[in-house]
Structures are given as C-alpha cells and as structure tokens.
Amino acid sequence: MSKQRVFIAGHRGMVGSAIRRQLEQRGDVELVLRTRDELNLLDSRAVHDFFASERIDQVYLAAAKVGGIVANNTYPADFIYQNMMIESNIIHAAHQNDVNKLLFLGSSCIYPKLAKQPMAESELLQGTLEPTNEPYAIAKIAGIKLCESYNRQYGRDYRSVMPTNLYGPHDNFHPSNSHVIPALLRRFHEATAQNAPDVVVWGSGTPMREFLHVDDMAAASIHVMELAHEVWLENTQPMLSHINVGTGVDCTIRELAQTIAKVVGYKGRVVFDASKPDGTPRKLLDVTRLHQLGWYHEISLEAGLASTYQWFLENQDRFRG
C-alpha cells in the first residue's frame with residue numbers, strides 16, 4: 001500500500017512544526033513540505049501548479065499571517081488579505097486537483113467578543129467580534145466557510161478545527177509583541193538572571209484563560225483529520241462546520257504567573273498592576289464535542305510550561321524575538 005502524501009502548509013510555524021514532528025514518527029505518510037521561498041502561498045498560479053505536480057492526498061492548512069494587537073491594528077489590510085488569499089488558494093487548488101481530505105486550522109478569535117462561556121461551536125456568527133483583531137477573525141471565519149461550502153457543493157471532506165490559546169516550542173518570545181505565556185516566561189527568566197526583587201504583571205490577575213500545549217494541538221488535529229467521514233458528519237451537521245480544540249479547563253492569570261515563576265525558579269515577588277486593563281473576564285472553549293469524539297489533552301499546564309521553558313533555554317540564540 002502506497003504512503004499517503006501529506007502537505008503541511010506552514011510547517012515552520014508553531015502548529016505546523018508540531019504536526020510535522022508527530023507525522024514524521026509514522027511510517028504510513030510521506031510529507032511534502034515547502035518553505036515560503038519555494039512556494040508563495042499568496043500566488044494562486046504557483047499554488048495550483050504545486051498541487052497539479054505533487055499528487056497530494058491530504059492537506060494540513062496551518063499557514064497564516066499572525067501577530068499581536070499592535071500588528072493587527074497597524075496592518076489590518078495585510079491580515080485580512082493575506083490570510084484569505086492563503087486559504088482560498090490552497091482550498092481551491094486542492095479541490096481542483098482532487099485532494100479530498102483537508103484540515104483547516106483556525107483560531108478561537110472567531111467567536112463574538114461577548115460570547116456565552118464556555119464558547120460552543122454554535123456561538124459562531126452570533127455577535128460582534130473583538131474589534132482589535134476583527135480582520136484576522138473574519139479571514140479565519142472565511143476559511144471555515146470555504147471548507148464548509150466546498151463540502152456542500154462538491155462533496156469534499158474539508159474539516160476545520162478551532163484551537164484555544166496555544167503555547168510551546170517555536171512560539172514567539174519577542175519582548176513586546178508575544179502572547180502571555182512566552183512573554184511571562186521571558187520576563188521571569190530575565191528577572192531571575194538579574195535578581196530582580198519583583199515582577200510586575202499587567203492587570204488584576206483575575207481574568208481566566210485556557211491554554212493548550214501545541215503538541216496536544218497537533219495530536220488533536222491528526223485525530224480529527226483521521227476520524228471516519230461518517231463520524232465527522234454526525235458531529236458537524238447541519239452545516240459541516242468546525243470542532244473546538246482545547247482542554248476545557250481554565251486558570252486565572254494570577255495562577256498562570258505563579259506557575260511560571262515556579263517553573264523558572266523565580267524567588268521574588270509577583271506584583272499585579274490593577275491599573276492596567278484586564279481584557280475579557282473569561283475565555284474558555286466548550287470542548288464537549290471533541291471529548292465525544294474520543295480526544296482529551298494529555299499535557300498539564302505545569303508540565304507544558306516546564307518543557308516550553310526548557311526549549312526557550314536551549315534556543316535563546318535563535319528563537320523568534
């Protein structure tokens with residue numbers, strides 16, 4: 001039996017590289033990988049020619065233009081245009097070249113700013129989005145709807161998963177535009193090295209957030225991709241939509257900061273600056289559907305933070321930022 005030829009779009013990113021690591025351990029797939037220089041995903045002709053020549057069986061669509069609040073506010077046109085082009089080019093070229101299985105990786109920012117907690121898949125398009133990343137979120141919603149529409153019109157098997165906040169190896173540790181976990185890991189690391197008496201964390205520490213290690217995300221992605229078609233249909237009708245991926249467990253930012261301090265070995269005080277904004281009080285995905293499909297996360301937050309910090313220590317000379 002010939003191996004399945006699997007294209008991972010975005011194989012150098014945090015999620016794509018985690019999917020690659022797990023698939024490389026298997027003997028039943030042949031990975032097809034292209035760097036940005038080798039294949040410009042914004043070029044529809046280049047993407048079509050790639051699919052026409054490579055005989056791809058499955059696609060993991062993990063490529064995206066990503067960034068923090070400042071980047072989203074400064075370059076909204078780039079975020080909506082580039083993400084919609086990447087998705088449109090890959091999904092359409094996959095269809096034109098008879099690739100029947102594809103998994104699109106979205107983001108929990110697709111849900112309304114004031115969505116009911118925990119956020120079920122049915123909350124999609126039920127309210128106004130968070131303004132700071134609306135263009136990016138709309139592009140991700142378009143990706144879900146592209147998959148859904150090619151399924152409905154052409155009978156394709158294009159699936160979507162929506163991850164919660166991710167962290168792990170190959171994250172962005174830039175001091176000013178990274179997400180909360182890499183930002184705090186770096187800050188506590190530097191405070192420890194400098195023997196700083198305290199570390200100030202923005203906000204009251206009371207907001208609750210959910211975090212998933214990227215290796216768990218990769219495992220969930222492969223699990224969902226490999227579900228029997230009938231099982232997928234049963235769990236995503238009537239619109240063949242998407243599946244949330246998370247832990248179903250959240251923690252306060254205070255608990256997160258204290259756990260990071262423990263992992264890093266920081267002995268000073270953790271101070272919360274309540275004059276700084278907190279953001280949404282709670283953001284948690286409803287993962288009932290994922291659990292019904294037989295997948296549960298395996299990496300605890302503390303264990304995941306410890307392994308991520310170890311990766312940070314080993315890659316300080318080359319990490320992003």
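Every residue, even glycine, has its Cβ placed from backbone N, Cα and C.
Copied over from Swiss-Prot:
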type     : residues                                       : note
BINDING  : 10-16, 36-41, 105-108, LYS140, 163-166, HIS179 : NADP(+) binding site
SITE     : SER107                                         : site 'Important for catalytic activity'
SITE     : CYS109                                         : site 'Important for catalytic activity'
ACT_SITE : TYR136                                         : active site, proton donor/acceptor
SITE     : LYS140                                         : site 'Lowers pKa of active site Tyr'
BINDING  : ARG187, TRP202, ARG209, ASP278                 : substrate binding site
- Message: What whole-number Å value do you get for the CA-CA distance of ASP278 (substrate binding site) and GLY16 (NADP(+) binding site)?
- Response: 30
- List the Cα distance (Å, whole number) between GLY13 (NADP(+) binding site) and LYS140 (site 'Lowers pKa of active site Tyr'). 17
- So of GLY16, PRO163, which of the binding-site residues has the fewest other Cβ atoms within 10 Å around its own Cβ? PRO163
- Query: Would you say which of the binding-site residues GLU38, ASP278 has the most Cβ atoms within 10 Å of its own Cβ?
  - Reply: ASP278
- Cβ neighbour count within 10 Å of GLY13 (NADP(+) binding site): 22
- Which of GLY10, SER107, LYS140, ARG187, TRP202 has the fewest nearby Cβ atoms, counting only those within 10 Å, among these recorded positions? TRP202
- Message: Tell me which of the recorded positions TYR136, ARG187, TRP202 ends up closest to GLY10 (NADP(+) binding site) in space, Cα to Cα.
- Response: TYR136
- When you tally the Cβ atoms that lie within 10 Å of each candidate's Cβ, which of the recorded positions (CYS109, TYR136) has the highest tally? TYR136
